[in-house]
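Annotation source Swiss-Prot lists domain 'CP-type G' at 61-218, citing sequence analysis. Annotation source Swiss-Prot lists GTP binding site at Asn110, Lys111, Val112, Asp113, Gly161, Pro162, Ser163, Gly164, Ala165, Gly166, Lys167, Ser168, Thr169, citing sequence analysis. Positions annotated as Zn(2+) binding site by Swiss-Prot, on the basis of sequence analysis: Cys243, Cys248, His250, Cys256.
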Amino acid sequence: MKGKIIKGIAGFYYVKVEENLIECKARGKFRHKDVKPMVGDNVIIQVENGKGVIESIEKRSSELLRPAVANISLAFVVFAIKSPDINFDLLNKFLVLCEYNHIEAIVCLNKVDLVSEEERENVKKRINDIGYEVLYINAKEGLGTDILKEKINGNITVLCGPSGAGKSTLINKLTDKEHMLTGIVSEKIGRGKHTTRHSELIEVSNGYIVDTPGFSTLEIKELMEKEELKYCFPEFEEHNESCKYRGCLHNKEPKCAIKQDVEDGKINKYRYEFYVKTLEEIIEGEKNKW
């Protein structure tokens with residue numbers, strides 16, 4: 001039987017086959033091959049003695065490692081515009097992760113009622129200028145959920161972002177159900193209390209959304225080689241191969257087209273600085289491997 005993994009908890013996988021949800025374990029062969037089923041996987045299962053067994057996993061179109069979700073076609077990157085303030089480094093990490101996995105990213109700015117229209121527009125422009133769509137939402141009030149449902153149609157959509165951004169509240173509004181516990185932001189540290197316990201696909205508008213555990217730890221230096229990073233910045237695309245030296249990393253090399261674009265104001269200086277900082281982390285990580 002063919003189905004899709006909807007949820008995974010403690011080694012058990014819940015596979016949707018038509019209208020049925022079957023609890024499954026994975027065959028031992030996956031462990032020996034160092035392959036682990038992921039939420040979102042399309043799988044073939046057999047039912048033995050009333051228990052489901054995952055026999056095979058179909059090829060994945062995409063995957064996120066942290067959180068572990070497969071076959072995602074769209075990501076809502078959810079950040080509160082205030083309380084807590086946006087951590088742009090963390091936002092950039094999420095965007096790089098999406099680009100690396102060839103997943104379309106839409107930035108959803110929550111709690112927009114806490115700032116002025118001018119502040120909203122300034123943040124939106126900053127994100128638009130690097131090539132990403134921005135949607136304003138208010139998870140508590142349900143503002144923006146209609147357009148989000150339109151985007152979800154036909155996709156597996158991941159909601160990612162820092163804890164306290166309102167992801168679980170947003171899912172409750174999108175599904176009209178309390179699928180996840182919701183928490184409050186700790187006044188002491190400005191972070192949300194960890195409220196989501198596992199990754200789970202939830203059916204919405206002829207598609208799926210998946211919420212993921214808070215405090216996602218993103219270590220870009222563990223994901224990619226230094227040569228790959230520049231392709232995760234859409235604004236570099238036009239001139240990535242225009243530098244004097246082939247394989248230019250856009251850092252210390254002379255006559256670099258990207259550095260020239262930064263000087264000319266065509267590429268955001270902060271984004272470029274984030275790129276260089278991340279590149280140096282990857283290079284340092286590669287040194288430590290040996």
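Easy rule for this one: first residue shown is 1, then count along the chain.
Using N, Cα and C of the backbone, Cβ positions are placed for all residues, glycine too.
Keep in mind it's a predicted model, so treat the numbers as computed, not measured.
Shown here: features listed in Swiss-Prot, placed on the structure.
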| residue | record | contacts (Cβ under 8 Å, 6+ apart) |
| --- | --- | --- |
| Val112 | GTP binding site | Ile81, Arg120, Tyr136, Ile137, Asn138, Leu143 |
| Gly161 | GTP binding site | Val77, Val78, Phe79, Phe94, Cys108, Lys167 |
| Cys243 | Zn(2+) binding site | His250, Glu253, Lys255, Cys256, Ala257, Ile258 |
| Cys248 | Zn(2+) binding site | Cys256, Ala257, Ile258 |
Could you work out which of the binding-site residues (Lys167, His250) has its C-beta surrounded by the smallest number of other C-beta atoms within 10 A?
His250
Secondary structure at Gly161 (GTP binding site), reduced by DSSP to three states:
coil
So around the Zn(2+) site, Cys243, Cys248, His250, Cys256 aside, which residues have their CB within 8 A of the centroid of those CB atoms?
Lys244, Tyr245, Leu249, Asn251, Glu253, Lys255, Ala257, Ile258, Lys259
Other than its own, how many Cβ atoms are within 10 Å of the Cβ belonging to Ala165 (GTP binding site)?
27
Between the binding-site residues Asn110, Ser163, Thr169, Cys256, whose Cβ has more other Cβ atoms within 10 Å than any of the rest?
Asn110
